[in-house]
Amino acid sequence: MSSTCLQPDYEQALRSHIGALRRKSLDEVQGRERACRETKLLRAEAERLGSEAQLQQAGLEAERREQHERRAQHEAAKAEVAAQKREGASRRIQIAALTDELVQLQSEAESAVRQAVSSARPGALARERAREAMLLAERNAREDLLRRLRAEAAQLSQELASLMDQSRLSPGRAFMVQLLAMLERLANDREVERRARDAERQAEELAALCQRQGQEHEAQMEQLEVDAKLAREAAVEQRKQAEEEAVAEEQELRERIKRNRRRAEKVEREAAEHQKAVHREEVQSIPPGVNPADLRPMKLHAEFPALESQIAAMTRMPALVRQPVPGLAH
């Protein structure tokens, strides 16, 4: 009777236990499926994070290369600015040296011109005076000779007239000889007079030539003074032009230095802004609840194997094996 009463209770308990085991098995199957789905999601998320990390790593490498190039450009711009400063200093030194040399050459040219003019003028004046004195002496001598010849010609003319009168009164051989001698002498005197006139004409021509030479010499001296003045003016103009060119070159160098400095400052600002933008993007890409100091591109990539091992451990869950309940073998 007691065994008969206990039989339904045992069966009821056994059924309830089997139902609980079945529910537990279903829960475990659902949990395993849920774990598999979560594992797949985690694996996909890990792959996505890995690809994002690789993209971020490539972007960071590109940014590093770009920053390196900008830094190289900045260094090159600084070197160019320094070279231009050195070139400007060298140009200023050359301009100062050339200005001093130009002033020295101008003073030497002016002193040489003054010395040439001062040394040439007394000699030219002395030569002109000596030539004029010589011409005046020759002219006076020729005028004296001409006066003597004219006096002799007048005397011979008078003698000839007297001889002609005597020939009309007493013609004879001796008289004819005297007359011929007188005529020959008169012809000689006329020749001498002609030569004297030629000499006087030559003296006048020589005097005119000397006068022309003196005028030409004066014109040459004046032209020399004009040339010296023009040379001084040209030297002054050349010096002014050299100074203007030096000022223009210095201004151009200053402008180039300013442009290079502005370009270098712009490159620095762009590099700083780019660095800030990269930092902001890195901070914005960090998931919530993660410390930015603990996040490093290489560390995230290095943590992937540990995450993979955890996912693999979750997928290697032991299969649920139904153990036989004691007393229910049949």
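Every residue gets a Cβ built from N, Cα and C, even glycine.
Automatic prediction, not curation, is the source of TrEMBL annotations.
Annotation source TrEMBL lists region 'Disordered' at 273-293.
For the compositional bias 'Basic and acidic residues' (273-283), the number of residues in each DSSP class (helix H, G, I; strand E, B; coil) is 11 helix, 0 strand, 0 coil. Marked as compositional bias 'Basic and acidic residues' by TrEMBL: 273-283.
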Excluding the flanking five residues on each side, which residues at least 6 beyond the ends of the compositional bias 'Basic and acidic residues' (273-283) place their CB within less than 8 Å of a CB in that stretch?
56, 60, 63, 66-67, 292
